[in-house]
Amino acid sequence: MRSIRSFANDDRHVMVKHSTIYPSPEELEAVQNMVSTVECALKHVSDWMDEKNKSVKCEGDVEAKEEAAESNAKDQSGRTLCGVMRIGLVAKGLLIKDDMDLELVLMCKEKPTKTLLCIVKDNLPIQIQKLTEEKYLVEEHVNEAAIIIRNTKEPKLTLKVILTSPLIRDEAEKKEGDSVAMKDPPDLLDRQKCLEALASLRHAKWFQARANGLKSCVIVLRILRDLCNRVPTWAPLKGWPLELICEKSIGTCNRPLGAGEALRRVMECLASGILLPGGPGLHDPCEREPTDALSDMTVQQKEAITHSAQHALRLSAFGQIYKVLEMDPLPSNKSFQKYSWSVADKEGTGSSALKRPFEDGVGDDKDPNKKMKRNLRKILDSKAIDLMNALMRLNQIRPGLQYKLLSQSGPVHAPVFTMSVDVDGTTYEASGPSKKTAKLHVAVKVLQAMGYPTGFDADVECVSSDEKSDNEGKNETVSSISSNNTGNSTADTSATLEVRTQGPILTASGKNPVMELNEKRRGLKYELISETGGSHDKRFVMEVEVDGQKFRGAGPNKKVAKASAALAALEKLFSGPNAANNKKKKILPQQTKGVVNTAVSAAVQAVRGRGRGALTRGAFVGAAAATGYITPGYGAPYGYSTAAPAYGLPKRMVLLPVMKFPTYPVPHYSFF
């Protein structure tokens, strides 16, 4: 898995390359003016042709002239020219410098003929002169079934207007014998060109619906179109097949992608061999019959593109994407210092920079590890480490460490994970209530053993003290801490939250806030309120509604944001004076007898616990119990301890278990 920093570097190169191939504002304005002018002129040509046809039909017919206005309003489909639509690069927004082919489709009511093409060509310059003072050259190309329009000013632009009709496709799809074939006019335009124009219209509508909304898709398409223009190997893929591949590659990802990562994903798709013979092919979604969009490419062309994509993917993996884009490598956006971190990072005001390359070191000491350790000591002794947890810091010092899960012990409701890591032949172990916490403890041990002040000693002590208090059932300490936190200032609260964000977010009792809130209020729904930032710096805001109140939390991912929202709800509703209102506690009367007093205190401790401790079902006073052991309740999980029913005991049941202690030692693994 590549680091986020490498994707950010790819994003910078791709965006710089995109800025060099994107048309200038003057070029875009010229394109917009030319296309709008021709569209309006074609509308005037259509009106002129309709008026001419009506005047011919209505000569000498007074009644027909009176009904002309009504028929025009009722039957708009009677126009000879039905409409004009944008297709190709103009409709999809894929224009780049030196590749600005402008295309329009002129839809006709009947099958287009050479006569109709000449009429439109002759009248179009007249209508253009009425709209603008700019001069345009209008030419007819019968073989292309189109009219070519060129401007005389800079930048030089060419607009192609293709004539077609829906009747051509309908007739082509009819089977023999279904209907009587209509006679085509003798001067009918090229049928294949008209069909291609209809297909281009479908492609434009599909692209606007599926690809325009994908983040980075249009940018990647412009980059790849420039690649097709520069490299002859990629030329056969240019056009509709390239658009399909980009949409499928980027659209199948479950999250928005940056420009660099999206380009790499397209290259991965091509490098996997989907173009090669025997592969899945490329389905054309705009055709009724199953059609392969790659059918026009030869086997040799497919193999050449696959080989080129694999080479580009290797260059990108080694940080040389600038070679794929044919541009100069960009300088780093952060100035490197003599040490591994910049001055701003030492002061805690910036994020960590890239490591110093080994070849940059100067001195007699040739061991790069010793150089890095010496530099780290100089930095860490002068200032505290910036806001990074021990696991992230260790990964910067020794990247690629493998953490292993040694064991998982404890009951299901209170597991204990033991993780280990091997550093320079020495194995370090640590435990925690979760794998993440155990890994964090291991990282702290390794940093301490290597002689680096971690700044997380207080966190480790807090975690260990919380675990001890949980095991002993001393919830009084937790309640006092929560009450003290309630009385603290806003600055103290924000400082506490900052410390918590270094590692996994846990409640005062050491549990996951989402799990603990779910135990108190089941069936809660978390909603995503907002998602901001780039692909390498996301910011999510989640919201949860508890008892009619809404709580929000933010974080770099949805999991952390949910935990923050749940933690806010717990601190607001289930801590301090609010805890008594939301959760009623039943306190049993104190007894003065020895054994019974011990049993009562144990039951009270269990009731006060945060949920991990098991409540003994117990027997009624006076019930017989076997000597030598504690009477177990039903449902004890795996023999670790006795357990109460899943949904609590009856309210009036006497919670006084009869406990008889043996005269000989009880094995520690039997019931505790």
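Each residue, glycine too, has its Cβ placed from N, Cα and C.
For reference, Swiss-Prot has these:
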type	residues	note
DOMAIN	5-362	domain 'DZF'
REGION	348-370	region 'Disordered'
COMPBIAS	356-370	compositional bias 'Basic and acidic residues'
DOMAIN	386-452	domain 'DRBM 1'
REGION	463-494	region 'Disordered'
COMPBIAS	465-475	compositional bias 'Basic and acidic residues'
COMPBIAS	477-490	compositional bias 'Low complexity'
DOMAIN	509-575	domain 'DRBM 2'
## Note on the structure
Residues in the domain 'DRBM 1' (386-452) per DSSP class, helix first, strand next, coil last, are 23 helix, 22 strand, 22 coil
### Query
Averaged over the whole of the domain 'DZF' (5-362), what is the pLDDT?
83
### Counts by DSSP class (helix H/G/I, strand E/B, coil) across the domain 'DRBM 2' (509-575)
24 helix, 22 strand, 21 coil
